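So the structure is just underneath, and the comments pick up after that.
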Amino acid sequence: MITGKTKIIGIFGDPIEHTLSPLIHNEAFSYLGLDYCYVAFNVKKDKLKEAVEAIRALNIRGVNITVPHKETVIQYIDELSDEVKNIGAVNTILNNEGILKGFNTDVNGFILSLKDEGISMKNKNFLILGAGGAAKAIVYGILKEGGKVYIYNRTPSNALAIKEKFKKFGFIEIVEMDKSVTEKIDVIVNATSLGLKKDDPMPLNPELIKPEHVYCDIVYPETPLMREAERIGCKVVGGIGMLLWQAAFAFKIWTEVEAPIEIMKKTLNKLLTKD
């Protein structure tokens with residue numbers, strides 16, 4: 001039951017209608033008897049500053065930040081965690097009496113989503129598609145775990161910026177897309193939002209994917225490229241695992257309580273079965 005004391009948590013993004021975050025967080029709040037409510041807000045790029053100001057004005061406890069705001073939101077935040085300083089992208093904000101602090105739980109969310117599937121990162125070659133906020137967190141996580149990173153992005157300057165930012169943490173190289181690249185790759189990661197919309201192009205030509213590849217996608221409604229990878233015979237890791245684990249870390253930041261992982265997992269499985 002929502003009362004005058006209920007703490008509000010939100011998520012800012014565009015598009016946002018597909019998000020499962022309100023469902024899993026509200027189920028977790030209910031299970032633990034916490035007086036919180038999680039709500040989705042469709043925030044356009046030109047309204048982001050006003051939306052962040054509203055966190056303070058409305059005394060919202062915290063929010064998740066998703067595409068396309070993970071990088072641009074930084075300029076409106078008071079304090080940044082060490083990981084955000086290293087990555088340059090925020091996916092979680094905590095409001096502590098009007099002081100907004102940005103965190104990035106995508107890093108550990110991605111690492112644990114692969115570990116859950118028995119996939120080690122150490123000494124593996126990763127092809128990262130994209131060079132936005134999510135890609136930064138994923139690249140940082142892979143390098144932290146001892147993997148090697150190859151980045152393909154349609155705008156080379158963005159990929160170069162990531163290389164310069166993260167080369168001190170490990171091996172990172174920018175590539176053009178052809179078979180000679182994918183032949184040495186162990187894991188392909190789509191770190192773009194391509195696949196969310198019906199008319200989106202595929203981020204990679206499926207002909208370059210082989211059965212021995214692991215294919216990962218940060219998007220959690222199944223994308224056309226995920227279906228192609230499954231058809232080819234790849235092990236496929238969707239965005240659900242990353243969603244679960246980044247949510248668990250964010251949950252603790254807001255509530256100071258350990259997230260009920262199994263309840264959140266069951267909720268996600270029910271939602272996926274329903275779909």
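Positions of Cβ are set from backbone N, Cα and C atoms, glycine also.
Remember, predicted model here, so these are calculated numbers, not experimental data.
With D82, G130, A131, G132, G133, A134, I218 listed by Swiss-Prot as binding NADP(+), the candidate from G102, G109, G239 annotated for that site turns out to be G239.
Applying an 8 A CB threshold to same-chain residues 6+ apart, the list for A131 (NADP(+) binding site) reads I151, N153, T155, N158, A159, A161, I162, A191. The shikimate-binding residues named in the record, T19, L20, S21, T66, N91, D106, Y220, extend over a maximum Cα to Cα distance of 16 Å. Between the CA atoms of A134 (NADP(+) binding site) and K70 (active site, proton acceptor) there is a gap of 8 Å. Excluding the listed site residues T19, L20, S21, T66, N91, D106, Y220, the same chain places I11, G13, N64, G239, L243, Q246, A247 with Cβ atoms within 8 Å of the centre of the shikimate site Cβ atoms.
For the binding-site residues D82, G130, G132, I218, a Cα to Cα distance of within 10 angstroms from T66 (shikimate binding site) holds for none.
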